[in-house]
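The compositional bias 'Low complexity' annotation in TrEMBL covers 231-244. What TrEMBL records for 21-222 is domain 'Cytochrome b561'. Feature annotation from TrEMBL assigns region 'Disordered' to 231-257. Annotated signal peptide per TrEMBL: 1-27, in sequence order. Annotated transmembrane segment per TrEMBL: 55-81, 93-117, 129-148, 160-183, 195-214, in sequence order.
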Amino acid sequence: MQVSHMLSSFITILVLHCLLLSTFVSCSSHGEITASTNHKNIKGNAHKLSSQMISYMAVHGLLLWGSMGFLMPVGILTVRMANKEEAGRRVKVLLYLHAILQILAVLLATVGAVMSIKNFENSFSNHHQRLGLALYAAIWMQTFIGFFRPPRGTKRRNTWYLTHWIIGTVTSMMGIINIYTGLKAYHKKTSRNTGIWTILFTAEIIFIVFFYLFQDKWEYIQKQGLILGNDNNNPQQQPAPASDQDQEINVSTQRDNQKACTGKRNALRNLFD
């Protein structure tokens, strides 16, 4: 598909190039005037965009960054922490924190969607807008699924958990991808440099992924620390305690020795008497 698209684009460029060469001699002066006019129109549109829309685009991007690029991944990390804890108060706190973070993420995304509908041209002619529309539907679906959680021990709970996990994970990943496409679209429309924002967002995602992977190894590291601590406290191996059979043998030997000593004393008394 990509190869055919590249070939069609190349053929289109060749056709346009031939047409331009055929009309260049007769319309050179007219082409220069038209190019100058188009250049002025582009500058005017850029100036108009920078004065009316850039601030809205920046706020829209920050809202979605905070929603899908931060709160949703952190909410996933908190529920993973809750799954590794035993039942108790800490598990409830982590689950409530997960719910609060996800609700805040949905609210921020909703505000961003309202800004997009109200202020932007939603022609859905690019990947960023189409993916954003799908994500808005997915996060609200995920919210309703989260509220209608069946009780534990039922068959529906397994289906609910699998559905909730898949939709949440895919939505978070697609949201991160859409933030990158949004930064690219912002640079394309405003001609402003987004390199520093791309670097910051990438560093944040790397840290979240590292923490995500580190969660699986934390319990193992703690166990290794306990084992090493026990080895340091006991550098020399203590002798193994004697078994019951060995203790009975020792007692029997002591009795025999006592009897032998008593017999020797009696024999010496009889000899001197």
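Using the three backbone atoms N, Cα and C, a Cβ is placed for every residue, glycine included.
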Among 55-81, 93-117, 195-214, stretch most in contact with the transmembrane segment (129-148) (C-beta, under 8 angstroms):
93-117
Along the domain 'Cytochrome b561' (21-222), what average pLDDT does this model show?
82
